[in-house]
2 protein chains.
Amino acid sequence: MYGDSKELFDRLGIRSTRQRKRVYALMLEQKEPVTAERIYRLLHGKEGDGTVNLSTVYRVLELFVNKEIVLKSMIAKENKAVYEINDMSHKHHVTCLSCRKVFFVEGCPLRDFEEKLLEQLDFQVAGHQLEVYGYCAECRKSQNGSGQDKNVLS
Amino acid sequence: MYGDSKELFDRLGIRSTRQRKRVYALMLEQKEPVTAERIYRLLHGKEGDGTVNLSTVYRVLELFVNKEIVLKSMIAKENKAVYEINDMSHKHHVTCLSCRKVFFVEGCPLRDFEEKLLEQLDFQVAGHQLEVYGYCAECRKSQNGSGQDKNVLS
DNA sequence: TTGCAGATGCGAATGATTTGCAAATCGGAA
DNA sequence: TTCCGATTTGCAAATCATTCGCATCTGCAA
């Protein structure tokens, strides 16, 4: 019912609780990064298995982040965090300022940069977060005539 | 005494108040991004010209950000904002997770990436924010895993 | 089945930031 | 220079996301 999260949790050495299973299952369904609040509300929307407290959602997400099965990042311009399943593919987000849609991009332009930091600054990079924002094809098309082909990835 | 901020404010079409002049002058002195709280405390440290209320510091900074004479960004992993004078040079920040010190790096690894986004996704980039975090030479040397919290930013 | 370390629910606390409102101030007009 | 109205400020209280304290509950190893 919850996929084989039990197995995953065992492997991670953490207890398999109803709340963790529900949060994990819900995270798997998400196509874009979500806030803790949204997870909480989605869980309430689902019927059946009882509720999950908001504090618990936060605690479970924190645990998942520590175990690296979930990624956490801050939303640009707002001060709240969003979470997403870590599928190990190192995507970056591109946010349309007009429709707020989030696009994913594979690949990362930072490899060389990180090397440069180590050489020039003796700074050991542990991670990075890149927020790119601008305007997607569709919005540019509908707002001024200069848009080109549309190409929506989701 | 406050530089020629009066002139700047006139040009921007905003009133030249004691508080704005003080905040602006202090921002000019900063060598690294600072929190609103830190500006507030620094202003209290200075003698003479009376104090500036914390809410006012926030309001003045917001105004400066809108007028684009100050840049605002979020500190990685903490949810508070830091501000710095906008010198138009397009620097990026590198934050040490141990001592919280912020380093600047000239140059930007994103030019090619933005081109790629336009070609492949037809996404027109308007801006980006890059947060790199890791461990600085000094902290790695002292091997102090938990960090000596020098509290540079707050 | 049982014991208990670890997990959860609940409400209250936190900390950064924002807001409502009355009083103070800026700067153009008289 | 003085006056006046629009802006800005100070202050305290409100927000909002997130965390914490603590009593109770629950996986799960024995």
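Yeah, the Cβs are placed from backbone N, Cα and C, and that goes for glycine too.
According to its DSSP assignment, A:HIS128 (Fe cation binding site) is in a strand. Residues or ranges marked as Fe cation binding site in TrEMBL: A:HIS90, A:HIS128.
Counting Cβ atoms from all protein chains shown, A:CYS136 (Zn(2+) binding site) has 26 others lying within 10 Å of its own Cβ. For A:CYS96, A:CYS99, A:CYS136, A:CYS139, the entry in TrEMBL reads Zn(2+) binding site.
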Would you say which of the binding-site residues A:HIS90, A:HIS128 has the most Cβ atoms within 10 Å of its own Cβ?
A:HIS128
A:CYS96 (Zn(2+) binding site) has its Cβ surrounded, within 10 angstroms, by a count of other Cβ atoms equal to 20
Return the binding-site residues from the list A:HIS90, A:CYS136, A:CYS139 for which some CB of chain B is under 8 Å from the residue's own CB; sequence order; 'none' if the set is empty.
A:CYS136
Where A:CYS96 (Zn(2+) binding site) falls in three-state DSSP terms:
strand
